[in-house]
Amino acid sequence: MVKVGVNGFGRIGRLVTRAAFNSGKVDIVAINDPFIDLNYMVYMFQYDSTHGKFHGTVKAENGKLVINGKPITIFQERDPANIKWGDAGAEYVVESTGVFTTMEKAGAHLKGGAKRVIISAPSADAPMFVMGVNHEKYDNSLKIVSNASCTTNCLAPLAKVIHDHFGIVEGLMTTVHAITATQKTVDGPSGKLWRDGRGAAQNIIPASTGAAKAVGKVIPELNGKLTGMAFRVPTPNVSVVDLTCRLEKAAKYDDIKKVVKQASEGPLKGILGYTEDQVVSCDFNSDTHSSTFDAGAGIALNDHFVKLISWYDNEFGYSNRVVDLMAHMASKE
């Protein structure tokens, strides 16, 4: 089992760690975070307002974080080049600070003995992989990769199924997205993106997202055919993608439901879900799928123009894919 270090013990860092312990697919051996001391790590890992208390044991012992009896080395380095991943036995590093998202910046981890880096965010220049969509294109000459964004992980599997069966001529995506850490609790300064600085709990905030364009990077045939935007809404977790697209081949809405359901039970099982239930966002909290197609929510204007709806736990589904990508990469060593 591949040994993993986590850089940045925020929402994604902690939930990747949870997902690793839940699934047993990778072995977490080290964590670096300069802003959280060991005792605080114990507390933050144990208690989670969104996903509930960790079902297991967490304690600090001999300067290490001990989860379910397993000791994890703790570093508190600000500069990624100074983290001694090699000494801790970490072969792969999850870069989940949200800061070091380029090849150059994430590459600093290699100096400390890591063999590969997985950026848990979209990257301007690192190759992006979405499980179930283009993970087979990974080859082990790549030292630094990106797991794309939570929204790309929701949209891409659905877009792939639709494009493979009916062909997407063009499409627009909207994600109605839960609050994340980059937002402000009350109105505050936000650099160039003034709207993003408005109170997160009080507003529906139109925002940009590169998620739809990024689908063109993981599904090259869709390059230039999709774009999109986001509305940030006052919910703590779980988001939903609305893909409105023009189809090449005529398709009844029932035909679309059928192929998505087949994919969810076959090649994309565990990644793309399917439901005909009368669900709402809360029903997907702590759901491990990248995307769950809501058959009852979508609509067709005609046989060539449809609106498709898919839910995702933007924290936990994504964190589980980070683990899956690392396990896939390890299988290619």
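Glycine residues also receive a Cβ, built from the backbone N, Cα and C atoms like all the rest.
If you check Swiss-Prot, you get these features:
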type	residues	note
ACT_SITE	Cys150	active site, nucleophile
BINDING	Arg11, Ile12, Asp33, Arg78, Ser120, Asn314	NAD(+) binding site
BINDING	Ser149, Cys150, Thr151, Thr180, Thr209, Gly210, Arg232	D-glyceraldehyde 3-phosphate binding site
CROSSLNK	Lys184	SUMO2 cross-link
MOD_RES	Lys3	N6,N6-dimethyllysine
MOD_RES	Tyr40	phosphotyrosine
MOD_RES	Asn68	deamidated asparagine
MOD_RES	Thr73	phosphothreonine
MOD_RES	Ser120	phosphoserine
MOD_RES	Ser146	phosphoserine
MOD_RES	Asn147	deamidated asparagine
MOD_RES	Cys150	S-(2-succinyl)cysteine
MOD_RES	Thr175	phosphothreonine
MOD_RES	Lys213	N6-malonyllysine
MOD_RES	Lys225	N6-acetyllysine
MOD_RES	Ser310	phosphoserine
REGION	1-146	region 'Interaction with WARS1'
MOTIF	243-248	motif '[IL]-x-C-x-x-[DE] motif'
SITE	His177	site 'Activates thiol group during catalysis'
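Counting only same-chain residues 6+ beyond the ends of the motif '[IL]-x-C-x-x-[DE] motif' (243-248), those with a CB under 8 A from a CB of the stretch are 155, 158-159, 162, 166-174, 226, 303-310. Among the residues Ser149, Cys150, Thr151, Thr180, Thr209, Gly210, Arg232 said to bind D-glyceraldehyde 3-phosphate, no two Cα atoms are farther apart than 16 Å. Ranking the recorded positions Asn147, Cys150, Thr151, Thr175, Lys225 by the distance of their Cα atoms from the Cα of Arg11 (NAD(+) binding site) places Cys150 first. Here the candidates are the recorded positions Tyr40, Asn68, His177, Lys184, Lys225. The one whose C-alpha lies nearest to that of Thr209 (D-glyceraldehyde 3-phosphate binding site) is His177. In the predicted model, the motif '[IL]-x-C-x-x-[DE] motif' (243-248) shows an average pLDDT of 99. Reduced to three states, the DSSP call for Ile12 (NAD(+) binding site) is helix. The Cβ of Ser149 (D-glyceraldehyde 3-phosphate binding site) has 23 other Cβ atoms within 10 Å, all protein chains considered.
The Cα of Ser146 (phosphoserine) lies closest to that of Ile12, out of the binding-site residues Ile12, Asp33, Arg78, Arg232. Among the recorded positions Thr151, His177, Lys225, the ones whose Cα is located within 10 Å of the Cα of Asn314 (NAD(+) binding site) are Thr151, His177. With Arg11, Ile12, Asp33, Arg78, Ser120, Asn314 listed as the residues that bind NAD(+), the site has a largest C-alpha separation of 27 Å.
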